[in-house]
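These come from TrEMBL:
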type	residues	note
TRANSMEM	12-31	transmembrane segment
TRANSMEM	43-62	transmembrane segment
TRANSMEM	83-102	transmembrane segment
DOMAIN	113-216	domain 'CAAX prenyl protease 2/Lysostaphin resistance protein A-like'
TRANSMEM	114-140	transmembrane segment
TRANSMEM	152-172	transmembrane segment
TRANSMEM	178-199	transmembrane segment
TRANSMEM	208-229	transmembrane segment
TRANSMEM	241-259	transmembrane segment
Amino acid sequence: MKKLKEIILKYPFISSIIIVGVAIAITYIPLPSMLSQNMEIQLADYLSGIIEQIAVSIFLVIGLKKLGLYERAGFSLRIKSMWLVWPILLFILLNASDMLTGEIKIDTTRPLVILAYLMVYLSTGFFEEILCRGLVYSLLINKWGRKRSGCYLAMILSSVSFGMVHFIHYFLGDASLIATIAQAIYATFIGVFFVACVVRNHSIYPAIILHGIVDIAGSLRQIAVGGGINKGYITMPLEWAVVYVIIALPLFLYGLFIVRKEYRNGIIKSGQVMNYLEVVEDWV
């Protein structure tokens with residue numbers, strides 16, 4: 001175990017790729033087909049997601065503790081600068097606009113499905129933030145954080161890892177290449193914002209909650225009257241893909257903007273203490 005820890009900390013980038021790949025693969029184990037024998041398929045799909053994502057998240061948290069990165073990952077309730085997250089609130093309202101304008105109506109006759117829907121997307125926020133911001137970002141900043149360029153590289157690459165995960169939809173034949181690329185860039189831009197949220201708040205919890213709410217607001221058609229989980233092939237015209245990316249661009253730029261003071265002189269705050277991180281000599 002000690003040797004594995006040394007390898008992971010010495011080669012954070014390669015280790016991150018492997019960990020992300022394994023974690024995502026586990027969450028795609030086909031539990032719904034087994035669970036649907038005793039419940040409707042939509043509820044089974046949500047329950048599967050909750051079980052798999054929470055289970056993997058627990059192992060990731062244990063891994064962070066073993067690596068000595070638990071506190072650096074932001075597991076602290078001493079939250080600061082929450083007012084800085086206001087742009088994501090506008091984004092949430094935009095995602096929920098179909099419901100707010102009355103275009104869709106939530107099917108309140110299925111309370112158990114609604115509850116499972118809320119839980120699965122909150123667990124998605126929990127899983128993806130712990131994986132990409134908690135583990136990947138912490139590994140990279142632990143290795144590269146002495147230099148300002150290393151800090152920004154850790155921020156960008158941890159967000160890119162989050163974006164690249166969405167290519168699984170293309171390789172599984174669930175989405176077109178254009179739709180997948182747009183979603184990957186969109187997720188990367190939002191990922192940069194969430195890194196900034198963790199860095200400035202000195203806590204991962206706001207990012208977890210906000211991520212979950214973004215996903216909930218963006219998928220409300222699943223629990224709307226006449227709605228459901230879209231299992232069809234996802235396509236997107238090029239012009240809409242460009243719009244999709246442009247909408248998320250302000251979050252990317254804002255994320256870079258609000259962390260500039262944290263990265264000054266290559267020093268990042270952790271709670272009330274200034275931690276001087278390791279010198280960057282290699283980037284793998």
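Note that Cβ sites are derived from N, Cα and C of the backbone, with glycine treated the same way.
Predicted automatically and left uncurated, TrEMBL annotations should be read as such.
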Kindly report the helix/strand/coil residue split of the domain 'CAAX prenyl protease 2/Lysostaphin resistance protein A-like' (113-216) according to DSSP, in that order. 93 helix, 1 strand, 10 coil
Long-range neighbours of the transmembrane segment (12-31), counting only residues six or more past its ends (CB under 8 A): 44, 47-49, 51-53, 55-56, 60, 63, 127, 131-132, 135-136, 139-140, 142-144, 157-158, 161, 165, 168, 283-284
